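Chemist: For reference, TrEMBL lists these features for the protein:
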{"type": "REGION", "residues": "1-37", "note": "region 'Disordered'"}
{"type": "COMPBIAS", "residues": "19-30", "note": "compositional bias 'Basic and acidic residues'"}
{"type": "DOMAIN", "residues": "20-93", "note": "domain 'Cation-transporting P-type ATPase N-terminal'"}
{"type": "TRANSMEM", "residues": "69-91", "note": "transmembrane segment"}
{"type": "TRANSMEM", "residues": "97-113", "note": "transmembrane segment"}
{"type": "TRANSMEM", "residues": "260-282", "note": "transmembrane segment"}
{"type": "TRANSMEM", "residues": "288-313", "note": "transmembrane segment"}
{"type": "TRANSMEM", "residues": "707-726", "note": "transmembrane segment"}
{"type": "TRANSMEM", "residues": "738-755", "note": "transmembrane segment"}
{"type": "TRANSMEM", "residues": "775-799", "note": "transmembrane segment"}
{"type": "TRANSMEM", "residues": "811-828", "note": "transmembrane segment"}
{"type": "TRANSMEM", "residues": "848-868", "note": "transmembrane segment"}
{"type": "TRANSMEM", "residues": "880-897", "note": "transmembrane segment"}
Ligand code: ATP
């Protein structure tokens with residue numbers, strides 16, 4: 001694929017290579033690309049898409065299926081098994097050889113399929129995060145998937161964007177780009193539009209913006225010169241680094257645990273071999289097989305695969321609940337989150353702004369109507385008035401309309417919606433309610449320049465000219481910020497000295513009703529003024545008035561905050577809005593005590609120790625800048641909290657990275673924020689964070705359940721072999737039978753737990769202790785209890801049968817079936833870690849468990865009755881009576897576990913005075 005349209009190059013300065021775009025003027029570049037500053041016509045763009053292909057990098061080659069399958073054999077245990085297969089073959093024990101090889105193959109196939117499923121789940125998630133770009137086509141802004149960009153497209157950039165393709169810049173406004181991804185240079189680069197020398201190195205081309213780099217500040221417009229693999233990024237293809245590895249701290253911990261366990265078991269098997277041969281007089285062949293049996297029995301080989309699947313299932317469930325996990329370890333961390341720091345606007349509130357009041361000096365107007373629908377009007381003392389007959393009011397509304405980048409449109413359902421910032425959308429709606437026509441207004445007072453809104457400076461200003469030779473600035477922003485820039489106020493058409501105290505009080509009054517308040521100001525400029533700088537608006541402006549807008553809390557956020565509280569998680573609101581507004585909104589959401597708030601300025605005055613005390617007591621932080629977020633995260637973490645933090649802007653990235661779980665907004669979030677985050681919320685909704693926490697806890701529970709389930713199976717089998725050899729008895733289960741139980745039935749059953757839904761009380765218990773070992777004393781006690789019980793019934797029944805003269809094959813068949821039934825019954829019990837099984841729902845609620853149990857039951861019938869299985873595994877048919885004994889024994893173990901849960905539950909209730917079980 002080539003993305004360089006050089007087929008019919010127009011005349012150009014001699015000697016410049018076709019792809020040296022940085023050495024060409026913007027006009028030359030546009031001409032050579034067959035486009036204009038107004039972008040490509042839509043049809044042409046589609047044609048070029050066909051010609052050049054989509055704007056994406058060819059993904060790195062994956063391990064092919066054959067290699068993936070072979071990797072399944074790369075495992076110490078499998079090597080041991082293959083060695084035993086060779087040994088048994090050398091001894092001409094062909095049946096055993098066949099069984100061992102069969103089980104090894106079956107194990108590899110199961111592993112291969114599971115891994116494939118996990119990888120597919122994660123791939124699907126990655127696709128959800130594909131970036132979007134803003135292009136100009138036919139002179140109109142359109143947001144489209146970055147993949148659809150073609151050479152010749154004109155693209156708009158703003159702070160937080162990831163540059164979607166290689167661009168020759170046409171226009172910049174303070175554009176600063178971080179090119180570390182490409183050049184390794186960590187200092188962001190200031191961009192311009194002047195062509196540079198052809199031999200300039202990549203890092204010295206300020207007139208270019210390269211795909212994959214990040215816009216840190218400012219705005220820009222550029223024309224696409226290369227897409228996909230033809231971009232500079234494509235040439236060095238760093239995509240490899242992006243591949244999300246299928247591993248997490250927990251998996252690594254399990255891996256280490258597994259290796260230590262394998263070594264210990266290897267030693268034990270060797271000791272057993274020597275003991276059996278030397279002391280008990282078994283034959284070397286028999287003992288070799290027993291030692292291999294022990295190794296297979298004791299090593300939980302299915303566990304890593306089950307944990308991986310559990311994580312992948314969790315990630316999928318979270319994605320269905322609109323929380324997209326970018327880094328797998330976040331799934332585990334989510335379960336231990338103790339504090340969620342959330343933005344207000346759009347996350348806790350709906351971000352559907354509606355202007356409710358407009359205040360000019362001396363009087364306050366009301367505004368009627370709902371949402372962005374421009375039907376509605378302006379009222380004074382409850383009666384509708386004509387805005388046109390109140391020039392002061394009209395001027396406030398006009399300022400709001402022109403100092404504005406948003407537009408209104410009707411969505412597919414006919415509902416009015418905003419294209420752009422909702423705060424600004426509300427002002428457009430207001431203007432239309434007041435009878436101002438956006439198109440006409442901007443034609444009469446065209447915009448010449450602007451200072452865009454940034455959370456740091458909390459205002460936006462635009463420079464306009466009218467057709468009578470006047471130049472002036474409209475400015476809107478946070479009231480205290482704007483008041484500090486004003487020396488006068490508009491009153492009855494006159495500019496009079498500013499009464500700052502009056503306006504501050506008025507703004508607080510609106511904020512106390514939960515309204516977001518903006519102040520609007522005007523400043524006359526000299527007619528030749530062409531560029532707007534900060535210095536132009538720092539002082540001497542005239543305040544026009546205030547606008548108050550409502551942004552109702554999301555109802556599901558109110559519930560989610562309540563749920564968090566029950567789950568022992570504190571929710572803190574961190575907002576750029578005014579303290580009084582924040583407090584009022586917090587009260588409606590159940591965040592904070594309705595009294596205490598902290599502002600960014602107050603935080604600045606605190607040292608780290610003071611801040612730590614503060615973050616413990618205060619839940620509402622207002623007028624906070626992104627830098628404060630980083631300090632807040634650090635203070636909370638040094639206080640031992642596990643912090644989830646939301647963010648959307650470029651400057652939120654450090655806080656997101658620092659937080660234990662950084663959460664970026666999928667809709668209004670910048671690409672920079674998304675890349676820094678562990679998780680992205682597809683709907684920007686706080687409730688989705690809570691859902692993810694719930695799922696994180698569930699995943700962790702399910703992993704614990706798998707361990708609780710699998711380890712006793714291994715323990716029981718290993719103990720059975722050990723006991724038999726030590727006591728000098730026949731093995732109640734032969735090595736090949738152990739292979740069957742361990743590598744086929746246990747894995748089939750255990751996997752069902754990956755699909756276990758949340759336990760009912762999962763959000764009514766405190767967060768898991770971070771760093772607490774997975775194998776707590778409680779877990780170990782349970783594992784030992786069940787292992788011993790399994791040995792007792794399996795070995796017990798075997799001995800009983802043998803004593804009563806049953807032949808050894810039949811007694812073994814009974815022992816194996818008993819062990820598998822114990823597993824199956826115990827699986828149902830493991831559905832609840834601590835709570836006893838109370839009813840049919842607890843027992844039968846998971847279809848996967850039922851299906852797994854059914855499959856294994858069928859397998860056991862085959863194992864017992866099918867002639868070929870009898871031949872392979874040395875089994876015999878069982879009588880009804882024997883089945884009865886098996887089922888009774890398995891039920892006994894089930895009861896034992898349930899009784900132990902009851903007893904512990906009573907202990908806990910006695911200690912805590914509550915029946916809610918804690919977490920280990
Ligand atoms: P959060 O951090 O919870 O998302 P926020 O969206 O209210 O809070 P900012 O967007 O940083 O925080 O806004 C801070 C303040 O800046 C607002 O209270 C408002 O007064 C002002 N403001 C917000 N948007 C604009 C805008 N488009 N133009 C001018 N001023 C704005």
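Yeah, the Cβs are placed from backbone N, Cα and C, and that goes for glycine too.
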Chemist: If I count Cβ-Cβ pairs under 8 A between the transmembrane segment (69-91) and each of 260-282, 288-313, 707-726, 775-799, 880-897, which range comes out on top?
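Modeler: Selected stretch: 288-313, with the most Cβ pairs under 8 Å.
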Chemist: Using a cut-off of under 8 Å between C-beta atoms, tell me which stretch among 260-282, 288-313, 738-755, 775-799, 848-868 contacts the transmembrane segment (97-113) the most.
Modeler: 738-755
Chemist: Please spell out the DSSP helix, strand and coil residue counts for the domain 'Cation-transporting P-type ATPase N-terminal' (20-93).
Modeler: 43 helix, 1 strand, 30 coil
Chemist: Would the transmembrane segment (775-799) and the transmembrane segment (707-726) count as touching if the test is at least 3 Cβ pairs under 8 Å, pairs 6 or more apart?
Modeler: yes
Chemist: Is it the case that the transmembrane segment (288-313) and the transmembrane segment (848-868) have 3 or more CB pairs under 8 Å, with pairs at least 6 apart in sequence?
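Modeler: Answer no, regions not in contact.
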